Amino acid sequence: MTFVFDHPLIKDKLTRMRKIQTESTKFRDNLKEITQLMAYEVTKDLELDRIEIETPITKMLGYKLKEKIVLIPILRAGLGMVDGLKELIPTASIGHIGIYRDEETAQPKEYYCKMPANLTNGNAIILDPMLATGGSASKAIEIIKTYRPKTISFICLVAAPEGLKEIEKNHPDINIYVAALDEKLNEKYYIVPGLGDAGDRIFGTK
């Protein structure tokens with residue numbers, strides 16, 4: 001399933017991120033806020049346990065998240081999305097995965113992977129601001145599937161149609177959440193109109 005957001009706050013904040021004049025601090029702030037806005041849809045089907053609590057007035061049955069949640073940023077740009085979700089889900093664990101493109105074969109290769117033990121039978125949420133060709137994201141999903149999570153969701157801010165089709169083709173069982181579906185990839189595989197190199201803009205390394 002692919003869900004493309006249509007929300008005025010997301011559109012406003014994403015426009016600010018796209019501007020070439022936006023400095024790194026503001027870029028990170030808007031990335032965090034958009035991630036939090038997207039979290040409402042991403043987490044709406046999580047299961048709950050009933051628990052008894054005591055309010056200042058009386059006892060009652062409340063709710064507690066039942067699911068094990070693992071946030072998995074694709075290094076390095078995905079790191080900019082972690083804090084927003086971690087604030088909303090403080091019990092979430094965090095894994096990390098690094099993918100690079102082999103210059104000779106043009107195929108994505110894993111260079112780093114560290115996952116928490118509770119990923120098995122848990123709910124994996126993969127984070128990456130950009131979905132361009134879909135190669136790195138598809139490879140990350142393939143690796144994460146070996147840990148046998150209960151569900152896998154992929155969150156990105158800006159996607160090219162080519163990248164979206166790649167994931168839908170290779171992983172039709174994955175839920176994909178996109179803040180904006182852009183026009184295309186250019187000859188250098190940058191998303192058009194896009195927002196530039198998200199990693200450089202997050203960390204100020206342009």
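Using the three backbone atoms N, Cα and C, a Cβ is placed for every residue, glycine included.
As given in Swiss-Prot:
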BINDING   Arg76, Arg101, Asp128, Pro129, Met130, Leu131, Ala132, Thr133, Gly134, Gly135, Ser136, Asp197  5-phospho-alpha-D-ribose 1-diphosphate binding site
BINDING   Ile191, Gly196, Asp197, Ala198  uracil binding site
Alpha-carbon distance [Met130 (5-phospho-alpha-D-ribose 1-diphosphate binding site); Gly196 (uracil binding site)] in Å:
9
Gly134 (5-phospho-alpha-D-ribose 1-diphosphate binding site), number of other Cβ atoms within 10 Å:
24
Around Ala198 (uracil binding site), how many other C-beta atoms are within 10 angstroms of its C-beta?
24
Can you tell me whether DSSP puts Gly134 (5-phospho-alpha-D-ribose 1-diphosphate binding site) in helix, strand or coil?
coil
Name the one residue among Ile191, Asp197, Ala198 whose Cα is closest in three-dimensional space to that of Asp128 (5-phospho-alpha-D-ribose 1-diphosphate binding site); these are the binding-site residues.
Ala198
By a simple count, how many Cβ atoms lie within 10 Å of the Cβ of Ala132 (5-phospho-alpha-D-ribose 1-diphosphate binding site), its own Cβ left out?
23
List only the single closest residue to Ile191 (uracil binding site), chosen from the binding-site residues Arg76, Gly134, Ser136 by CA-CA distance.
Gly134
Neighbourhood of Ser136 (5-phospho-alpha-D-ribose 1-diphosphate binding site) by C-beta distance under 8 A, where only residues 6 or more apart in the same chain count:
Ile74, Ile99, Arg101, Pro108, Asp128
Asp128 (5-phospho-alpha-D-ribose 1-diphosphate binding site) CB neighbourhood, other CB atoms within 10 A:
28
Integer Cα-Cα distance in angstrom, Ala132 (5-phospho-alpha-D-ribose 1-diphosphate binding site) to Asp197 (uracil binding site):
11
Give the sequence-ordered set of same-chain residues, not counting Ile191, Gly196, Asp197, Ala198, with Cβ within 8 Å of the centre of the Cβ atoms defining the uracil site.
Ala77, Pro129, Met130, Val158, Tyr190, Gly194, Leu195, Gly199, Asp200, Arg201
Name the residues of the same chain, 6+ apart in sequence, whose Cβ is under 8 Å from the Cβ of Arg76 (5-phospho-alpha-D-ribose 1-diphosphate binding site)?
Gly98, Gly199, Ile202, Phe203
